[in-house]
Amino acid sequence: MNKYTASVVGGSGFTGGELLRLLTQHPYFEVVQATSRSKTHKTIGNVHPNLRSVDLRFTDPSELESVDILFAATPHGVSMQQIESFTAAADTVVDLSADFRLNSAEQYDEWYDGHACPEYLEDAEYALPEINRSNLVGASLIASGGCNATATILGLKPLFDADILTGDEQVVVDVKVGSSEGGAGGGDASSHPERSGVVRPYAPTGHRHEAEIEQFLGLSVSFTAHAVEMTRGASATCHVFPSEPVSNSDLWGAYHDVYAEEPFMRTVAGGGGVYRYPEPKSVAGSNYAEVGFERDPENHRLVIFSAIDNMMKGSAGQAVHAANIALGIDETTGLEFTGLHPVGAP
């Protein structure tokens, strides 16, 4: 079996570790390089204890090898500075940061601090495979969607496809996220004594993932993010106010039409048992996303739920999913793990 050679730039962070976990078990990828400025020459297992069996050491990112595909798991701002060296080293580049998710330099001026290489934005394909799979086939520069944006878009998109929403309605989104979203260098707010027991609003307004949601869905959302005491996970609760009454069968039909054939989507709405709605714990460690809904006819409101593992469906898993599609590999390859139950705090 011919394998694609792969490198992971920024392999010492949480997301880099998830990429290495997935890629070293993937039958069509051979990881030949993982880079880290801070962990150069250390073994992969020294940094990621679950990968102690991986016989590879971190190298300096200035020493990129030529590979078939390069995954960049670097903080925002790094990939845009290094994109020329990335594209010179690899035929396909998958970037997990926000550096190529938006379409224009003007958007980066508004939401970030500008863009160092705006000429690359036109060629970048935003990766949310359930929604824009065809755009990823053969793509050479892929921008993996942000975790909060992914959860929100997956929850809301079927309502647009079914004309339940048009883009003129009020949409309020409340996302609760785990500490791993802050990365391995998350700072004081992510340390255990400060994080333990909290439900902390950290982006009441102006969260940068709003830009991805608005770009993809074509509507303005009122978005608030809370940090909560879990390690993995993003749980989005979306309150929408459609102009016309919506029945339960309308909702089931909308979500069935979009997601029934999707290998990593599960619709969970009511029913019996403990897990009656989407919950991050149910998808921890997997590339699955769960979506669900509840009607509130008295207040002309729909409550839409979405749950993902922020480091998998919201990052590394989505990146590998997109890479599979780009290279013509069966898209579920290397991503079949369904999660664990029971499991402790994710």
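Placement of Cβ uses the backbone N, Cα and C atoms for every residue, glycine included.
Listed in Swiss-Prot:
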type	residues	note
BINDING	Ser12, Gly13, Phe14, Thr15, Asn310	NADP(+) binding site
ACT_SITE	Cys147	active site
REGION	178-198	region 'Disordered'
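Each of the binding-site residues Ser12, Thr15, Asn310 was scored by the number of other CB atoms within 10 A of its CB, and the lowest score belongs to Ser12. Of the recorded positions Gly13, Phe14, Cys147, Cys147 has the largest number of other Cβ atoms within 10 Å of its own Cβ. Recorded residues Asn310 (NADP(+) binding site) and the residue listed as 'active site' have their alpha carbons 5 Å apart, per Cα-Cα distance.
With Ser12, Gly13, Phe14, Thr15, Asn310 listed as the residues that bind NADP(+), the site has a largest C-alpha separation of 17 Å. If you take the Cα of Gly13 (NADP(+) binding site) and the Cα of the residue listed as 'active site', they are about 16 angstrom apart, rounded to a whole number. Ranked by CA distance from Cys147 (active site), the binding-site residues Ser12, Phe14, Thr15 have Thr15 at the top as the closest.
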